[in-house]
Each structure stands twice: as C-alpha cells, then as structure tokens.
C-alpha cells in the first residue's frame, strides 16, 4: 500500500520529466539562432545546413573565382594584344576594372541585408555574371565571325568592355554573400557547429586559391596557346554549372531573417546630426537619447567616445511642445540612439587603418598590371616550355597556400610565447608585417627592372622570367598578413550589428587601392611625357623607358605609408586594447 502511494505521488513528477525531455529533444532538432528552411519554417539541424549545404556554396565560390581570375590574371595581355591598347592605358584599365570588382560588393551587401537575402542576391548576380562572361567570350570571337573592316575594332572593344563590367556588377552580389550564406549554415548557439564554422572559412579561402591557381596555369595557357574565345568560354561553362548546382541546392540551405541594413543606421546618424547642428550639446552625456545597449552614465564609453562630438548631436532629445499627454515624435532621421552614434564613431576611428591599406593594395595591383608588362619584356622560356607572364601569379598563390598553415602552426605559437597574445601577433602587428613585406617586394622589383634595362641596352641575352618569382612570392606572404589581417581587423573592431558593413569596408580598401594605382599610372604617364619628345617611364617598349623609376616611387610611398601606420598603431593601441 505504501509503495503504491509512493508510485502515485511520483507519477506526476515522472510524467513532467518525460514531457520536458520530449520537448527538449524536439527543440534540439531545430537550430537556435533563428535560421529557417526554404519554406520559412524553423531549420532542422539534421536535414539542412551544415557541410551538406556548404559543399555546394564552396563549389559556387570556386566557379566564381575561376572566372574572375581567368579574366584578371591575363586581362592586360588581352587589352594590349587583342584590343591594341598602349602599355600605360592597359595597366590603368586593368586596375580600374579590378577596383570596380571590389567596389560593387557594397551594392550586393545592401540588397542582401535589406531586401533579398543572401541566396536570392547570389542567384540574381550569378545570372548577371554569366551573361557578362558570355558577352566577353563573344568579343573574343568577333574577329573570326566578321569580315575585317575599320569598324570591327570599335565593336569588339565595346563588346569586351560591356562584358567586363557586367562581370563587375555580377561579382558585387557574390563576393559579400557567399561567405555570409556559408556562415549561416552553422548554428552559432551550438558549440560543435560554432567550431566547425571556423573550418568553413579556411576551406572558403582555400577554394578561392584553387580557382586562382587553375586560372593562372591552365586557363592562362589555353588563352595564350589555343585562343581567347576558348579561354573565356571554359570558365563561363563552369559558371553555368555552378549556377545550376547552387539553385538545385536551395532546399538544403538555412536562411537568416532580414534585419535591415546597417548603412541605413549610419545614414540616419549623419542626417540627424546635420539637422541638429544648431543645437548645443549637453555637458552630461546621460541627457542624450540612450537605449539598452549603452547605460545612461556620464562616462558610458571610453575616452575615445569624446572624438567626433559633432555626431553626438544626432542623439539630442528635443523639447516637446505638442499637446499634453501625447508622445514626442521619434523619427530615426531626427533622433538617434547613443549606440547608433557610437557605431558610426567606431567606423570612423578605423579609417586611418583603412587608408594605409589603400597603398598596400595599390602595390598588389602591380601583379596584374606592370609586373606582367615587365615579364613580357623578359625571356619566357623555361627549359622546353614557355612561361606566360600572367602565369607568374602562380607563385603568389602557392606562397599564400604555404604561408597560411605555416602562420597558424609555427609562427602563432612562437609569437605567443614572446608577446603573450593569444593571437601570437596582434591584428595591428600582423598588418604592419604585411606592409613591410610590400616595401621589400617593390624594392626587389625596382632592382630587377634596373638590371633588366642594363642587359637590354647592352644587347645581352634577356633575363629569364623566373627572376620575377620572388616578388610574387613575397607579395603572397604579404597578403597572408595584410589582406587576411584587414578582414579580421574590420570584422572584430566593427560594432556587433555592422559586421557585414565592416567586411564591405575592407573590400572597399582593395577597390580604392586599384583606383589609386590607376590614378598614379595616369599621372606618371602625363608627367614623364609632358615634353612630348621623351617616351616616359612606361612606354610601349619598356627598353626605352624607366619602369624601375616607377617601382622606386612605389617603394618610397610604401615606406612612408609603413612609418605612418606604425605611428598611428601606437596611438590606436592606447584607445583600443582589443586590437592589440
């Protein structure tokens, strides 16, 4: 009887425990980060997302990188040999094109965050990218399909540039969205999947480099030895297959809910500050419009918050003169929260670091412009084979793929013992090493070109093209430190709600570097040929010019840039310990 009573009393507890376990088991079947399936239902962990989705995304990124590098690595040769552009014009146009490819991601990121989501944005821009590749392939085939006439050059050139800039537009929706869509396939609240997400980014960067490696070797060889039409058609076919596979995998992806664009929040602060410019800032910052992100304390932020005080006016609470009992208007374009203002300030404080990276990417732009022109003036025979100048970029890719594991497995543990930093090198130290390596690369390129000119003017055998390999390898190592470093820096130092915008700003520095290189090339051409009788530093025949002077100038600018960065980083460490 007593046992029956105990069982009766324990039965509700057992039932409650069973129900709780069932509910927990059912809840554990779904992701906890708010991701959805294709039907806008909670995402099932075991059926969608994770690596089953990422393999398709990585394949899509591989086809895009194969197409992008198939164009960029040998575009200067195409412009000079097929469209008959001058050396300096071709170098400028290539830098402008590459810069545009890293500018349009701002458009893609805005559309993905605000309206379409990552998946739809990738599909739409993949279609545009494919049409661009088709148009570029058509431009390479036009001379074979049309009779020779004085008008063919103009038609072919216009078709080529139409295809090139359709590719620019297409890349704008792919570069910022494939990595974010891949990251969404892992539940950030699940410890196991959160660790796996870091592995995804490694394979993501690896897929880009595999595409670059194949483009710099196989595709460039096809372009040089079989034909430009075939050389552009092969990556175009891969793009079509990549698009088809990506769309076919739509049911296995996890999707994030749209949460608005961070660009809108930044714009609201600027507009509100301008509209309130006539108002007086209160001495006590607690009188500003606070929210739950920052407590309303007089010293709610570090000393750095006292910078850019003008934008604090966006958070000034206006006195309400309306009817009693009615709420004061709170338009986000007239009144912003302190957290919004601080988001903008955090971005502004990173601008000096962003500016130093512009010159670094101007240096790396030489790999697709002046270095190829330099290689074209050298002996390209390596044993029984010929080595196209654009294929020298293979050494840069190999350098990247070797340096990444060496950095993680060797350098980080050694540096950690010396610095005590968990990262080994701080983010700013990592960037500084990359900048220093870029100086070394330009000095080597200048010395190499000076030696090549001496041999050419003495009618001696031309230098072998493999002498260029070290400069590509050094710049590859520099990218491991600086390119990956700037992405990590902007991601970590950006506000929590603006990580995508931080990534877009990092890519924008790459675009600015290419544009800066274009401007410098134009200025050098205009200045060194001003008198009209001298060939200038970068003439069509490099043996008559002084490309080494241009390289020395870039080395000097890079050295000044490095010194400025060191000076700024010392000051930055004082205000932001998380970067050090």
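Cβ coordinates are placed from backbone N, Cα and C, and glycine is handled just like the others.
Not measured: the values here are computed from a predicted model.
The feature transmembrane segment, as given by TrEMBL for the ranges 203-222, 263-282, sits at 203-222.
When Cβ distances are compared across the two stretches, the transmembrane segment (351-372) makes no contact with the transmembrane segment (158-182), since fewer than 3 pairs at least 6 residues apart fall below 8 angstroms. With a threshold of 8 Å between CB atoms, the same-chain residues lying at least 6 positions outside the transmembrane segment (203-222) that come near it are 54, 58-59, 61-66, 68-70, 73-74, 178-179, 182, 230-231, 234-235, 388, 390-391, 393-394, 397-398, 400-401, 404, 484. Panel annotation: around the transmembrane segment (467-491), residues 205, 350, 353-354, 357, 360, 363-364, 367, 371, 374-375, 378, 392-400, 403-404, 407, 427-428, 430-431, 433-435, 437-438, 440-441, 444-445, 448, 499, 502-503, 505-506, 509-510, 579 of the same chain, lying at least six beyond its termini, place a Cβ under 8 Å from a Cβ of the stretch. Listed stretches 53-76, 158-182, 228-248, 392-415, 427-447 were compared with the transmembrane segment (96-116); the greatest number of C-beta pairs under 8 angstroms is found for 158-182. Each of 123-146, 228-248, 392-415, 427-447 was scored by its Cβ pairs under 8 Å to the transmembrane segment (550-570), and the highest score goes to 427-447.
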